[in-house]
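The block underneath contains the structure these notes are about, expressed in structure tokens.
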Amino acid sequence: MADRTIIAANKNLVPIRTNLRGSALLNTPRGAGFSREERQIFGLEGFLPYDVHSLEKQALRAYNQLLKQPSVILKHAFLASLRDQNQVLFYKIMQDHLKELLGVLYTPGAAEAVANYSNLFRRPVGCYISFPNQDGMRAQLEGHLLDVNRTADVAYDSNSPHDAIDLVVVTDAEAILGIGDQGVGGITISTSKAALYTLGAGINPNRILPVVLDCGTDNHALFSDSLYMGWKRTRIRGKNYDQFVDRFIQNCRELYPNAIIHFEDFGMANAYRLMEKYKNIPMFNDDIQGTGAVALAALIAAIKVSGTSLADQRIVIYGAGSAGMGIADQIKDGLMILEGLSEEEASRRFWCVDRNGLLVESMGNNLRHAQLPYARPDEEVEHWAKSEGNNDGTWLMDVVKNVKPTVLIGTSTHSRAFTEDLIKEMGKHVERPIIFPMSNPTALCEVDPADALAWTENRALVATGSPFPPVDIGQGKQYTVAQTNNALIYPALGLGAILARSKTISNSMLMAGVNSLASLSPALTNPEASLLPDLADVRNVSVDVAAAVVRQAVKDGNAQDENTIKVVNGKGPLPLEEYIKSRMWDAVYRPLELVD
């Protein structure tokens, strides 16, 4: 049986009430940790081996089995199967080995699992909403709602069945993890992100609904695969697409009125439009806002280490897609909120380069809406010195030579684009160059951190999108490379919004979370330490970040949960941070209580 409440603190071992017995009980994802007394009461003797094993002993066995899997994709499949069989055991293993297994559960392991979804399929997990079946969408979503309520272990703190879902993680799978359009296989991204909400911030996994919107696919390799399980036609676009997504959002708002809606891996053209369209509901786009938020937190920490200010930075972003523009937007918000700059003044701190070169105003209709604020005036670059042989655009090296950036961010998926000449050119003009090669997976990273440090005489402040080992910098010292992993902020943002029952997720709430995360930087007290906290400590980090988000939600007037508002105002039973801890779900076995 699985714990299904975020309200009852499972640390107090609130019993699970059930009328299941024997094999029916064993077929629920609880595992074999039943006590002697439970085995007698629930008719389990004879269904289980004699010895009673603790969760810790079960976790050791399962972890040893995992280590025997010969590849990342098989490890991912093992974890997915374990989650289906024994949810508590899955989260126990993941919590105990998070840094080691995150790359299996999410990138790069999830990318391979997504690409091979139809070939690896064993059982459905989550909700599949297909365009040709959209007339039944409400019934499909209600079916998941009824399933949660029918199998709930402990009632939520409301009499309404619509309080059963706290979070919806949805993708249309058009832009998956650098591998593009993956059709129905995108459900794996939704389930992986959902798991990270639980691992990172203790959001109850049974109150999260992963969803894929099957809008067709433009990936013709999927068309030719006879085993492909999605809708085999090209992607719907335009009015049909917008009406389909809007129908989904409206049904979610009616059926799950308090739920946060997390958008994941939508294509750039749609991601920004939808974020703007639905900004007045509690929604969040991780690719745009999450990536930008964690990058800004690392940047604020780096700026504090370098002794400069955010307003003093000259920021070059290589890769002007949804991630790059999301980072630009978040830093721009930081410049406006933290430094008091106007939007125009903040936008002038950026030089963004994509496949066609530096974004300039004369590109006109070739610029996407999200890129427009960052297009530079053509007259600014007319007289720039350009690299030999470059007559038809302004490329990255030209930008670095002329702008002399203090910050260089990569979201291009252009492997090793930050060359030795480029980094050395940047280092000529900056005492502490801030270099963030953020593309995933590791093979697509713009520069190896060891090279970035070596080419700047170890002066660079580095953060990456993929994990890298510490770098030897001489005299027995090592530089710890920060990983700008969204899991450091978006789970806590979600938890804070859920606890506050926030009407929206405002820019100020997001900025409060960013500032909180930046304040926890180990580099503030140790110059060789990481710019961001260790992912292994994400639960403790999430408490502080969620507290900052909740306080800001109350300050903004967004918070609607009376209990949480009382706690923030000092009228609750616990201090806010302790209250947040008490609301976190943990991987523990709870006792059973038999009901008729």
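Cβ coordinates are placed from backbone N, Cα and C, and glycine is handled just like the others.
Its Cβ taken as reference, Y106 (active site, proton donor) is surrounded by 23 other Cβ atoms within 10 Å in the chains shown. According to TrEMBL, the active site, proton donor annotation covers Y106.
TrEMBL lists K193 with the feature active site, proton acceptor.
The feature divalent metal cation binding site is assigned by TrEMBL to E264, D265, D287. Close to E264 (divalent metal cation binding site) in the fold, though at least 6 residues off in sequence, lie V169, V170, T171, I189, S190, K193, N285, D286, D287, each with a CB less than 8 Å from its CB.
Other C-beta atoms found within 10 angstroms of the C-beta of N440 ((S)-malate binding site) number 23, with every protein chain shown included. Sequence annotations record features per position, and here TrEMBL assigns (S)-malate binding site to N440, N485.
Among the features that TrEMBL reports, domain 'Malic enzyme N-terminal' is placed at 83-279.
The feature domain 'Malic enzyme NAD-binding' is assigned by TrEMBL to 288-554.
Between the CA atoms of N440 ((S)-malate binding site) and Y106 (active site, proton donor) there is a gap of 11 Å. Counting neighbouring Cβ atoms within 10 Å of each of the binding-site residues (D265, D287), the lowest count belongs to D287. Here the CA atom of D265 (divalent metal cation binding site) lies 15 Å from the CA atom of N485 ((S)-malate binding site).
Other residues of the chain with a Cβ within 8 Å of the Cβ centroid of E264, D265, D287, the divalent metal cation site, are T171, A175, I176, I189, K193, F263, F266, A271, N285, D286. Note: the Cα of D265 (divalent metal cation binding site) and the Cα of Y106 (active site, proton donor) are spaced 13 Å from each other.
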